[in-house]
Amino acid sequence: MTVISRVEHLPARPASRVAWVPAAAGWTVGVIATLSLIASVSPLVRSLIRVPREFVNDFIFNFPDTSFAWAFVLALLAAALAARKRIAWWVLVLYLVGAIGWNVGDLAAGGDTVADDIGELIGIAFHVAAIVFLVVARKEFWAKVRRGALLKSAAVLVAGNLIGIVVAWGLLQAFPGTLDPEWRLPYAVNRVSGFATVPTEVFEGYSHTFLNAIFGLFGALALMAAAIVLFQSQRASNALTGEDESAIRGLLELYGKNDSLGYFATRRDKSVVFAPNGRAAITYRVEVGVCLASGDPVGDPKSWPQAIAAWLQLCQAYGWAPGVMGASLAGAEAYRAAGLNALQLGDEAILHPDRFRLSGPDMRAVRQAVTRARRAGTSVRIRRHRELSPEEMAAVIRRADAWRDTETERGFSMALGRLGDPADDDCLLVEAVQGDEVVAMLSLVPWGSNGVSLDVMRRSPRSPNGTIELMVSELCMQAEDIGISRISLNFAMFRSAFEQGAQLGAGPVARLWRALLVFFSKWWQLESLYRSNMKYQPEWVPRYACYEDARLVPRVGVASVIAEGFLVLPFSRRNKQHTGEHIAAPDTLVQSGRLHRDGSAPDVTGLQGELPDADDEPRLPEQVRVRMAKLKALQGNGVDAYPVGQPPSHTVAQALGATDGETLSVAGRVMRIRDYGGVLFAQLRDWSGEVQLLLDNAALTEGETADFTATIDLGDLVEVTGSMGFSRNGTRSLLVERWRLIGKCLRPLPDKWKGLTDQEARVRARYVDLAVNTEARDLIRARSGALHAIRETLYSKGFLEVETPILQQIHGGANARPFLTHINAYDLDLYLRIAPELYLKRLCVGGVERVFELGRAFRNEGVDFSHNPEFTLLEAYQAHADYNVWIDGCRELIQNAAQAANGAQVFLRPRPNDPAGTLEPVDISGQWAVKTVHDAVSEAIGEHITPETELGELRRLCDSAGIPYLTHWDAGAVVLEMYEHLVEDRTTEPTFYKDFPTSVSPLTRPHRSIPGVAERWDLVAWGVELGTAYSELTDPVEQRRRLQEQSLLAAGGDPEAMELDEDFLQAMEYAMPPTGGLGMGVDRVVMMITGRSIRETLPFPLAKPR
């Protein structure tokens, strides 16, 4: 038997000079078949072509005047020749050889006229030439034919012909024409089953012309019935076997979480072809010479190319045109990579229950429909198929059949076609119930482990309006309880055409295309499917059809219509049970015994072990593979490479200070190994330090040094027990008595001397950097010490530490672009906070007089050496104080942090004119300089400015200094721009700049004595702003006015402007005491203390995706 799903890798066929022969032969025979068919039904055509037809019929090719049967045979032969079928080549060659013999026999017999002799010679020449071309091009006819039930098909053909002959004979008895009685039966045989090959002149008399057409039709019907039986048997015998379905179910469990249509691959009237490694498969059906694949390949995406290649080789081997229905974007890209073209068919409607809400204007239609159904007393019941008794499932099937609005079940790529099968007990049944009567139902197949995909939708004609909407809504509402997070509804074909054609201003082509689709929707429900899905506001996911050549699109379309059940062929049936006779699953899986003959899913763990690795799976580095092999060997010997933890008695630092001879244990990472045979030295590092291990066979109580070298690699975590002592050269060492592996390192550490030299690698692999780089550990310690010192300083002054919301409904407290997120529980957009200020001030209103928060803030802005989107911010507020109080307070916080991190009140700064960037300490003790903003700008620009300086004068100074500004800025904004360019960027040692313009300080109190400025200062050091403080604005009326101005800016498109926070303003109206507030960027302070960039001081700064 031919097993069509196991295909050898066929090489690409080289271009040939005679590649045109199959198409030419097919076209030639097809023209004769077409003319024969037309002549059989049209006396006019029969009369017009009589002379050439008789010449062709007598000398070249059988071409009777009327024969539906012969036209059908020639049509099959033409299609087979064009499809490069080897059997068609044999049939045509043998026919031509027979025709040569016929003509040669006539010539040898003699007695013909000269015209007949010439015709026979022309016929012989034509036949010889045709045979030569066919023989030369024989390799172009490579396509095989699937085995089928030949005997059954032949029996149908014989029975059909016998019936046709008997009926034809009876008609001739009734309407004999001029035929003699003894010639009537042979005449019927010739016309029904002999394709009218015997010339009419042989018979004594003639029959009526219309009877000739009827007799040919009898023969054609017999041939059609035989062909249908043959094709059905081919499909049935090559459909899924139980083992194939079992393998597909296993692949779905391993890899099917992303394909909503994956479960439909188990449909049993499909065939399947597997990738050679068995990790992927494609299910398909053959219709009208098109091998139609169903959706994406099933299985490991890495093996999709191999599965597609095997499928295309299958198409080539049998001369089928490849086509795909319902591929996803990923699947279409995989097919396109294999040489196919893709065309978007439409979109699949996906619902996400966590986002589904009946509220809102967009859901009004659904909400009203659900309300109507509920008022009619309809409730919803949701169960898995396995929860139904056999009697209940039988009732479900009866209702589904009774409510179906078509004679047959439709579907191919997006339907299962076997409701109630025991193998599908994980399917979900949703029923609408009125009283005790079920009035509608949905059946959904599994989509991975947490999704469902719609298979069957039925409703009773007596169901109330809104029943379907109620079932879908209840399914979404109860999804969390039944473990569902995604639902695939119907597929809307040509959705974009409906949507675009209905838009205002749509072009004439779009409107015409939509009108055509609306017209055809009367039969095929195109528009109704789109509208029934659209009202749920789904996510639309495109689905594609794939084809090899644009000329094949109509054939692929017809094959799809047939496969989906929109065009039902005579005697067609859809198999619900296994009919396949040839197992397509790889032999290794079949022989493993893990596949089940009933089609149920195999043991996934065992199946995964039987599947070889994907051919294109990237190979691990050699050192990793060696270490993995060592780990496997250790586990095979019963060694637990990752045991439960036991605290060592000492850290490395404590061990180094312990007395000699004292038994102790330490744990850490092995950084170096030096093996001298019987004595071995290793460097062990923990967080506190590094110690040398000395392993001597004479001192070890368990095992030998060779065991250590065989087991331990650099980077492994070990625990050792022994006592402190000295090596022969006097190095302080831990004399090891026993050891154990507590963590196998599967990847090698970087260079033991240089460590990670690439800065990007240090960011991405901070854990490795910390393991090998003491400098990285020092930075972590410095940061921790600085944070601790800041907290302790504030605690010592009586401040309370609090935590305020990070998720906020309104972004405020600073001018910055926020991050936006969404909370599904309330269907509400939220911001990650840009500052905790507004919540801390609420606490001040409530009477918390000294409060601070040290936490994370988020700003969707640039990233550079001093900026990170996620950063640590200190905000502190002290009642009955002003901004001057915080000059000393901020300085003390930073000096204490520097003391804790560096052991002295110093910043580390790069040494001037040093290319190596060597850091040197800069003293920051004592008082720091304090200047007003306007004085500092005046010093920098060389002209005196004050808060009263006119805007025009400020613009003139900007122009002369080359400082850009925007025309809508006021004087305060221009002064701020001058300050940032001329003062802030050029500042070195820590300096407080105070009294900023009021217009750029919306939350700050106006200066008590100087109009136009606010009581605010910024602390700047070496061009970096470290902190800012305010005399807070406590006047609620003025505060409202300023925030309203900010909200207008936000409404005008300024992404950094603050929104109006009505709750905050109402809190302020309860009166907040005079307060001084401080904001300090802790990351930047640590950056200055350590002399590093902000990314280096953060344990895990944000890094771009690889």
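Cβ coordinates are placed from backbone N, Cα and C, and glycine is handled just like the others.
Going by Swiss-Prot, these are the annotated features:
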- Asp1018, Glu1025: Mg(2+) 1 binding site (BINDING)
- Glu1025: Mg(2+) 2 binding site (BINDING)
- 1-603: region 'Phosphatidylglycerol lysyltransferase' (REGION)
- 604-1106: region 'Lysine--tRNA ligase' (REGION)
- 18-38: transmembrane segment (TRANSMEM)
- 59-79: transmembrane segment (TRANSMEM)
- 87-107: transmembrane segment (TRANSMEM)
- 117-137: transmembrane segment (TRANSMEM)
- 155-175: transmembrane segment (TRANSMEM)
- 210-230: transmembrane segment (TRANSMEM)
- 307-327: transmembrane segment (TRANSMEM)
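Here the transmembrane segment (18-38) has Cβ contacts under 8 Å with residues 45, 49, 53, 56, 61, 63-64, 67-68, 70-72, 74-75, 77-84, 92, 133-134, 136-137, 140-141 of the same chain, all six or more residues outside its ends.
For the binding-site residues listed here (Asp1018, Glu1025), the lowest count of other CB atoms within 10 A around the CB belongs to Glu1025.
Averaged over the region 'Lysine--tRNA ligase' (604-1106), the predicted model has a pLDDT of 89. Secondary structure from DSSP puts Asp1018 (Mg(2+) 1 binding site) in a beta strand. According to its DSSP assignment, Glu1025 (Mg(2+) 1 binding site) is in a strand.
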